[in-house]
Amino acid sequence: MRGVKAHRPETRWATRTIPFVLAGCIGFATYVIIQRICLDYFLFSWQQPTIAFTLLGFYCVFLVLMILTYFRVFFAIQLNPGVVPLGPKADEQTNTRRRDRRRRRRTGGRRRSHTGSEDDVEGDLEAAISYEVRPDDNPDSPGLEEFYSKDVFVCDTDGRPRWCSTCCNWKPDRAHHCSEIDRCVRKMDHYCPWVGGIVGETSFNYFVQFTFYTASCCLVLIVAAALCLQSLASRGSPVDGLVIAVLAISSFFGLFTFTMTATSIRYILLNLTNVDYLKSKSIVHQLAVRVPRGTPPGINYGIISYPLPKSTDEQSELTSLRDQLATRTFAIIKTEMGENPWELGPYRNWKSVMGNTIWDWVLPIRGSPCASFENNESFYEMGPLYPRLRERFGLPELNVVKEASERKEFEKRKERQASGTHTQDS
Ligand SMILES: [Zn+2]
């Protein structure tokens, strides 16, 4: 898949190296806990089979689950990272950026080192223009229909969906542009070199399972190492360096993954991602909310109608009846600061990411329901804020059934007319 690898060499290097470091740490810790702590010390030397087998049992279960979830999250990221497709102009844009980068390399970063020459200013201007690809003004812009066929979507001030000038495409609700891989990612959480790339809606549940089982593995290792060191001390035996090393490694990774698990669970319960959380207190969502066809602008909201008019003349003339009936009108409204339209309540938030059954919560089998959410209303399930917003702005009730039946009636009439003309002709 093109363009889903990190573009910074140091990030790519870290992403490739870290799995081997992790594998080395796991291999070492596994050897020490199984061979050294459980078998050599507890079972053979100190004749304490209960402790030996309990530790072994817990460790092996968590180790297997950790490895399974690791591979699940790793392959989810490699095979389906949930990136938004690039728009038709993205190739052009990428080529311009590459050309600019090459030119900058040739001039040896002259533009940055000394400013003021006309050549540099011109270059900067050109770069600024080529980087800023404006939203597609074509009323039939590819992908636009996916937005206005919903009843509500996140929009810009003009009522059109948000636009990513790097991907040259419309941004679906809750997608963010990741500068590491230079792509928009659905429900992007963070770039994680530990699991091989971008964590988003297709991998977040597996990621949480992975950090949870790693933290559990580390906890078993910490307990085993502590018990072992305590027994060694009480018997007056010398301290075992390998056990100390395992204690240090497991404490480090344990603390790291425990914190990660706790924060991730918190985000899930609030229906936020890492990226959302950073601005959750100050964000104001702008939404295009469908209202009955032809609703005029209100005192506190603007209006946009789709499909967008092809030209201003056509807009004033109002084209054929068919087009009028296919029109969908949206009110452009804003939430209060910090409101989250997708907040469903902790339990439903949890289920939307982790799955509907306990098996989905503990085993890396099925993807998150929110990633496969199919609905005519919105990209993601809307919470109780949505009807409250309609009420707050006094938006007229949407009569979907009436609009659909009007359209059906019109289509039928057209068909009857067409077949009538056809019979007359023959
Ligand atoms: Zn983007």
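Keep in mind that glycine also has a Cβ here, set from the backbone N, Cα and C atoms.
What you see is a predicted model, and the numbers here were worked out from it, not measured in a lab.
TrEMBL lists 20-44, 50-71, 210-232, 244-269 with the feature transmembrane segment. The region 'Disordered' annotation in TrEMBL covers 88-121, 406-426. According to TrEMBL, the compositional bias 'Basic residues' annotation covers 98-114. Feature annotation from TrEMBL assigns domain 'Palmitoyltransferase DHHC' to 160-280. Positions annotated as compositional bias 'Basic and acidic residues' by TrEMBL: 406-417.
With a cut-off of 8 Å on Cβ pairs spaced 6 or more residues apart, the transmembrane segment (244-269) and the transmembrane segment (50-71) reach fewer than 3 such pairs and are scored as not touching. In the domain 'Palmitoyltransferase DHHC' (160-280), helix, strand and coil residues by DSSP number 69 helix, 21 strand, 31 coil. On the 0 to 100 pLDDT scale, the domain 'Palmitoyltransferase DHHC' (160-280) averages 95 in the predicted structure.
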